[in-house]
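*Asks:* Swiss-Prot lists these features:
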TRANSIT   1-44  transit peptide
REPEAT    472-506  repeat 'PPR 8'
REPEAT    608-638  repeat 'PPR 11'
REPEAT    751-785  repeat 'PPR 15'
REPEAT    786-820  repeat 'PPR 16'
REPEAT    821-855  repeat 'PPR 17'
REPEAT    891-925  repeat 'PPR 19'
REPEAT    926-960  repeat 'PPR 20'
C-alpha cells in the first residue's frame, strides 16, 4: 500500500498545507532551528502600503538589506493569524503617542520624557539588547532578574516588540515577560500587548493559554478589534471556524465592528476547517462585500492558498478572475499561489506562463516562486526543465534550500532513480550545509519503500532519530507501507508499535495499512484487536478493509464478530443495507449479503444502479451466477418497474467484468435498451467505454448512435472516447465533426489530446492538408497550438514524406515557440527517412547542432533504425561506433536491432562479436536475439552452432517460444533429420505452442526426401483434420513426394483433394502430376494430362511437354519422345533448356553409342547442336561457345543452367570425355553455376561440398579436388587440418545418390575416407592418412583427367540402386555386397574388387570363417574370465 496523497504527494511544495497540525508544529521547530535568521516579510501588511490615502507612516524604517525569502511554499506563506497580528501591530504604532506610561522605578540610565522615548532612534538596539539578554538565560534563571535590573529604559511599545521578538524563539520566555509586566503593574494590559502575546501563543499552538489570557483581558480591552483579531488568529491556526465565528458575533454584540483583517482571519479559519467546496470562495467573498468591506490581496491570497492546498484548479481560476474583475492588484503571493496550484494540477505550461507574466508585471520572483515552478516541472518528471529552472534560480542568487532539495529528491523518487535521490540527500547534508528535515526523510523513506529497499529505508529512519528529528506520522506510515509492500509483516508491526511508543497517534491511514497487513497475513485475531482500537479512536476502515475483515472472519467462522462488524458499518459508518450488502458480497459472505439486500428492498429502499452493479459484479467475479439470477428474480418481483434498470444493470455488470460479448448480446437482444425504449446514459457510456477499452470500435460507434438517438446528452468523456474511436476506424473527418459539435454545446477542449489524435489520424490517411486545416482553425479561434499539436502536425507531414513542410513547422516553433523538443527533432528526421533521403540525414543533424540542439540518443537510434531498415550495414556500424564514442551506452533495444540486422545480412562474425559485447555489458541476451542467431545459423547451414545456441537458451533459463521451435524444426529438416524435428514439434505442442504452416511444410518435405512417406502423409492428414486452409504449395509438396515414390494414384487423389478444397490447379500442378506418371513408368497417362491441358484455354509452355517427353525417354521409348518433340515444334513452341536437359540426361544414361547419337541428332534437327558437336571430336574448340551458352542459361530461372550443366557433365563422364568435362565444370564455376568453394585446398581448410551436383559432375569435382590435395601433400603447403570433410548429402539427383556414387569411387581406390559416425551425408578422412594415401597409392599416380581417343561404343557408367558406378566394377560390387553386406572398409573393398571372381569367393569365405572363429574365441575367453572370477572369490572364503 502507498502512503496517502495528502501525506506524501507534494512534500516539497507545501509543508504546512499537506501535514496535520502536529506535523506543522514539528516543521515549525525544524524551521526555527535551521533557518532562524531567515524571516519572511510581507510589504502589503504595512498600513502605509495598504491604505496610502491615509498618509500613514511606520514608526521605524524598513531594513535596507535584502530580505531573504522563506523556505516554505506559497501556501505556507498564506497570511494567517500571526501575520494579522503583525499587521495590527503596525497600525497600533500610530497610537503610541496617546498611551500613558506606567509607573517606573527610579533607576534609569537616562531620564527621558514620553515624547523623547517615542522619538528615540535607538529603540531597535534596546529591543535587541533586552531580547538577547532574556534568550541567553539558562533554564534555572528567570526573566524577572533581567527586567528588574532595569538595564535599559523601555516604553510600552518597546515591551510589545520584546514580547514578539522573544516569542519567535520561546513562547515560555515571552509569557514570562508578559506576566512580569502584569505582576509589576509596569503598565496596564493594553490591546497591543494582549494582541502580541496572543499572536505568540497562537504560533506555538498554545491555545488553552491564549484563551485564558484573552478571557482575563477581555473586560479591559475587549472592545478593541485587534484583540479579537489576534484571538481569531489562534483559532484559525487550528481550523476552529466555529470558535472564530463566535468571536465575530461577540464583537458585533459589543459594538466592535469587524474590519477586513477580521474577515480575512475568519476566512482562513473556515478554509482550514475543511476543504474548499464548490462556490465556497464566491460565498466568502460575498460575505466580505456584504459587510461593506472590499476584499484585498490578503483575502484573495488566502482563498488561492486553500485552492492550492486542495489542488482545486477551477476554484483558483474563479478566485483569480474575480480578483482581476474587481481590480484588486495581484501581488507576488498571488502569483506564487497560482503557480503552485497549476503545478499541483499538472499544468506546468500554465505555471511557466504565469511565471513569465509575473516578471513582465514588474515583480521579482523569490525562492517560493522558483520552488513552486520547480515543483511543477518535477511533478511532470521533466528533468530538463527542472535543471533549467534551478540554473535560473541560481543566477538570481537563490541557492538550494530545503524545499528545493525536497522537490528534486521527490522527483527522482517518483522516477525510480533512487540512487540520484540518495546522492542529492548526501549533497544536501555535506556540500550545501542544509539540514534535511522531516519531509526530506519522509520522501526518501517512502520512495525506498515503494522500491522494496526497506533496509535502506529503515536505516534512514534510524539516522533521522540520531540527528534528533522526530519522525512524523507520515514518516511512520511510509515505512509501514514499505514493509507492507515487501511482505515484511513483522517489521511493519514493530514499526507500528514504535510509533505508538513514541506518542504519535495513528491516523486513519496508519490504522488502515496495519489492518491490511494483518488481514492479508491471515492474522485475523490481531487485526480484530487493532480494529477495535481504531474504532475507539474515532476512525473507521474503508469498504475494502471491511471486505478483507469479513473475509478473514468468514474463514475462521467467527459469526458473532461478523455481526458486530455489520452493526459497526451501520451505526458508525452510516452504511445503508445496500452498501452493507455490497461489502458482504465482496467479503464472500453471500447469505448475509442477500439478506441485507432483501431487507433494503423490503424496507422501500430504491434500487440504485451503482449499488446493484456492485453486488452483481461481486457475484459474477466469485462465479456464483445462480445466486445472481435468483437475486434478479427477487428484484423483478419486489422492485416494481425495474425491468429496464435490471437489464441495464446486467449490461453494465458484464462490462465491469469485461465480458463485452455478453453485454453486447444483452444489449442488442432487449428492445427495452436497444430500440425505441431508450436506456440510461450510464448504461450507454459504460458500454461504450468498454467497447473502446476492448478495441471494438464498430460496436462503440453503434452504441454512440443509439445514445444520440435516445436524446441523451453525450458527456465530455464520451466525446473524447468517440474521437478516439473514429480516429482508430480511420474516419478523422467524423472525429473532427464530433469535436465541433461538442464545442458548440459548451465543452472546451483547448489544445487537448483529441486534436492531436485527429491530426495523427489525418496523417495516417495521408491527408496532411486536412491536418494542416485543424491547426489553422485552432489558431484562428485564438487557441495557441501547444507542443503536442505542433509535433502531431509534423508527424502528419512525416507520414506523407513532406520533409519541407515539417521543416517549416520546425522553424515556426523555433521562431514563435514552443521550443522544439527531442520528439520534434525525431519527427523531423523521420520525415526525411520516409521521403527516402537518408543521405541527407547527416546534413540535417549538423544544421541542428549548429542551432544549439544536442542530438539525443533517441535521434541517433532513429537514424540507425532507418539505415537498418534499408539494410545498410556499413552506415549502421558507423553510427553505432560514433554513438559509443560520444558516450551513449547501447541499450537492449539497440543491441537487438543491430544483431537482427547483422543476422539478416549473414554477418556471422559481427553478430557473434555483438552478442559477446552485450554479455560483457551485463545485458541479458533476450530470446528474440537468440532467435535471430538461430535463423542466421540455419540460413548458412551451420547446424552445429544452431544447436549450441539452443543449448545456451536453455542454460540461461529462457523459455523457447514459437519462433525458436519453428526455426529448430526447419534446421532439422534441412539437416535431413526430420525425426528429431518431429519430436521437437511434439514437445512444442505439449507446451501449448502451435507450429507455423511453413514448419509443417518443411517437415513434410523433409520426410519425403528421406522416403518416410507414412510420416509425411500423417502430417498432411493431420493438417486437413484440423480444418486448416492449406495453400497450393502443400499439395505440390505432397505431389512431389508421390512423384518420387512412383505412386501416380496418390498424385491423382491429391489433385482431386486440391480441387475439392477450392484451389484451382496451375500449370505447375499438372506438371507435377505428369512427372508422377513418368516416375511410375506411365508416359501415356502423362500424355493424356497434356491433351486435357490443350483442350483448356491455358497458355502452354515447354514445361508440360518436357514432362511428357521425359516420361518417354525414362522408359527408353526414344522414338516416342522424339515424336512429341517434333509435335511441339509443329505447334509453334520453340524447344528451350528444359527439352535440351531432358535429351542430354537421357543420353547420359543410354547404354549404347547409337542411342546417344539418336537423341543428340534429334536436338541437332531442332537447332541445338552443341552436345553432339562436343562428342564428335575436338571439343576444345568450343570453349567460348559453351561459355556463351552458360551465360545465357544463368539468367534463366528454375535452375536452368545448373540442370543443363549437370546433365552435360554426366554425359561427358559416361562416354569418357573427362578432360572436356573438367573444363566444362570449371566454366560452370566461373559463371557462378557451381559454388566457388565447391572444394577447397587452403591453409588448414581442406574440404568439399558436392551437394547440388550430378553424379558425373561430382566425379569430376572429386578428381580435381584429389589432384589439388595431392599437390599440397607433395609441396607441404597449404597445410591441412586435422581431418578433411567431404559433404555428399543424402538426397538423390535424378535417381543418382551422391553419397553412394562417391563411396563406390573412393572405396574402389582404397581411400581413407570413412562415413561420419554422427551425421549422415558426410565422409571424413584423417589428414595424415589422406596425405600418405595421395602420395603412395597407385590409384593416385595419375589423377589427370583425359579424353578418350575415340568415343566408346557403350556407356562406361551404370546406375545400380542409385549408385552411378563404373560398369566394369558392377559384378564385383554386387558380389561383395551380396556376400558381406553391411559396411566394408575401403581398403578391403579395393583389395577384393581387384581379385578374379573365384579367388574373391575364396577370400570372402576365409574372411567369414575367420570372423566366426574370432567371435567364438572371444566368447570362450569371456566365459573363462567369469569362471576365474568365481574361483577368486572362493579363495578368500573362510572355512568353518
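Using N, Cα and C of the backbone, Cβ positions are placed for all residues, glycine too.
Let's see these features in context: how buried, what's close, how far.
*Replies:* Mapped onto DSSP helix, strand and coil, the repeat 'PPR 8' (472-506) counts 26 helix, 0 strand, 9 coil.
Taken together, the residues of the repeat 'PPR 15' (751-785) have an average pLDDT of 78.
Broken down with DSSP, the repeat 'PPR 17' (821-855) shows 26 helix, 0 strand, 9 coil.
Helix, strand and coil counts under DSSP for the repeat 'PPR 19' (891-925) come to 26 helix, 0 strand, 9 coil.
Sequence-distant contacts of the repeat 'PPR 20' (926-960), counting only residues of its own chain at least 6 positions beyond either end whose CB sits under 8 Å from a CB of the stretch, comprise 892, 895-896, 899-900, 902-904, 906, 908, 911, 915, 918, 967-968, 970-971, 974-975.
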*Asks:* Which sequence-distant residues neighbour the repeat 'PPR 15' (751-785)? Criterion: at least 6 residues beyond either end, Cβ under 8 Å.
*Replies:* 719-720, 723-724, 726-728, 730-733, 735-736, 739, 792-793, 795-800, 802, 805
